[in-house]
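S.K.: One structure coming up, written as structure tokens, with questions to follow.
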Amino acid sequence: MTEDRPRSHGRLSITASLRPRELMAGNDRLRGAWVARIITLFPEAFPGTLGLSLTGRALKHGLWQLQTIHLRDFGIGKHRNVDDTPAGGGAGMVLRPDVVGAALDQAAIGTPPDRARWPVVYLSPRGRVFDQAMARRWAAAEGITILCGRFEGVDQRVLDHHAVEEVSLGDFVLTGGEIAAQAMIDATVRLLPGVLGNAESTRDESHSAGLLEHPQYTRPAVWEGHEIPPVLMSGHHGEIAEWRRAQSEALTRERRPDLWERYLRKRDGKGG
Ligand code: SAH
């Protein structure tokens, strides 16, 4: 579905017609909020799921800002072409470096050149796989520019020229970067101060301490003959914490030997 009244969700659409001064004035107004600036051929895909629930409420309340830059606005000629056939032959189309470069230039306006303060990312199955540590790094930045690819991807020269970091959602191939962008922005935004009601919930969850989360239960106490583990009903906070930690460890060891190995190395490295 397209967003009829984008501003009602705090979304700011940046188009090629916006002058730099206007863009910066816009940023001034929004000072302090974390910004996701997204270059895409499908701005109507946003906010998408980011407009729902906790991320949506945070967007509405100005805890973060979503800005889309429509790649089509930088297209060439009457038909606003953004792609062309791959040099050397082969299937599909490649996004042109001049078109993507112009969009990246526009996206850079008013952002710090220090990539730690403002990462510039191309979503790509060739990239480093996104994880919780990366979400934490992004949340600590002032904002991020995310380039969503389509077709066969983007001309390599523009990625090199703009020192763009490639990041992947996982070892599979999507038709475009928009879903990956929403997944990564969701993971990042929920780490921003004030977005989740309970600050503890990001501390204990899966991947925050290098372990998967323990199982969760809620009412009814007996469902289809299955009881909630009695320790959780005991009221002994110490025993509950101990049980949860043991469950976390067992689950991680069983399901994710890679995480378990890393967890042990870290724990033993610390002399624990
Ligand atoms: N030809 C490319 C794949 C292009 S898929 C290759 O083989 O590497 C089209 C677009 O979808 C990409 O430009 C990228 O932006 C997005 N995409 C596909 N898979 C992705 C993934 N695993 N993570 C993030 N983005 C992805």
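Glycine is treated like the rest: Cβ placed from N, Cα and C.
Small disclaimer: the values here were computed from a predicted structure and weren't measured.
Feature table excerpt (TrEMBL):
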- Gly149, Leu169, Gly170, Asp171, Phe172, Val173, Leu174: S-adenosyl-L-methionine binding site (BINDING)
- 37-261: domain 'tRNA methyltransferase TRMD/TRM10-type' (DOMAIN)
S.K.: What's the longest C-alpha separation between any two of Gly149, Leu169, Gly170, Asp171, Phe172, Val173, Leu174, the listed S-adenosyl-L-methionine-binding residues, in angstrom?
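M.R.: In whole numbers, the farthest two Cα atoms are 16 Å apart.
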S.K.: Considering only the binding-site residues Leu169, Asp171, Leu174, which possess a Cβ situated under 6 angstroms from at least one atom of ligand 1?
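M.R.: The ones that qualify, in sequence order, are Leu169, Leu174.
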S.K.: Cβ distance under 8 Å to Leu174 (S-adenosyl-L-methionine binding site), same chain, sequence separation 6 or more: which residues?
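M.R.: Residues satisfying the criterion: Pro125, Ala180.
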S.K.: Find the average pLDDT over the domain 'tRNA methyltransferase TRMD/TRM10-type' (37-261) in the predicted model and report it.
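M.R.: Value for the domain 'tRNA methyltransferase TRMD/TRM10-type' (37-261), mean pLDDT as a whole number: 97.
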S.K.: Take the Cβ of Leu169 (S-adenosyl-L-methionine binding site) and count every other Cβ within 10 Å, whichever protein chain it belongs to.
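M.R.: The answer is 19.
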S.K.: Tell me, by DSSP, whether Gly149 (S-adenosyl-L-methionine binding site) is helix, strand or coil?
M.R.: coil
S.K.: Including all protein chains displayed, how many Cβ atoms other than that of Val173 (S-adenosyl-L-methionine binding site) lie within 10 Å of its Cβ?
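M.R.: Other Cβ atoms within 10 Å of Val173 (S-adenosyl-L-methionine binding site): 8.
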S.K.: Which ones in the same chain are close to Phe172 (S-adenosyl-L-methionine binding site), with CB under 8 Å and 6+ residues apart in sequence?
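M.R.: Those within reach of Phe172 (S-adenosyl-L-methionine binding site), by Cβ under 8 Å and sequence separation of 6 or more, are Pro125.
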S.K.: Select one residue from Gly149, Gly170: among these binding-site residues, choose the one with the most other Cβ atoms within 10 Å of its Cβ.
M.R.: Gly149
S.K.: Return the residues near Asp171 (S-adenosyl-L-methionine binding site) by Cβ distance under 8 Å, restricted to its own chain and a separation of at least 6 in sequence.
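M.R.: Asp171 (S-adenosyl-L-methionine binding site) has long-range Cβ partners Pro125, Val129.
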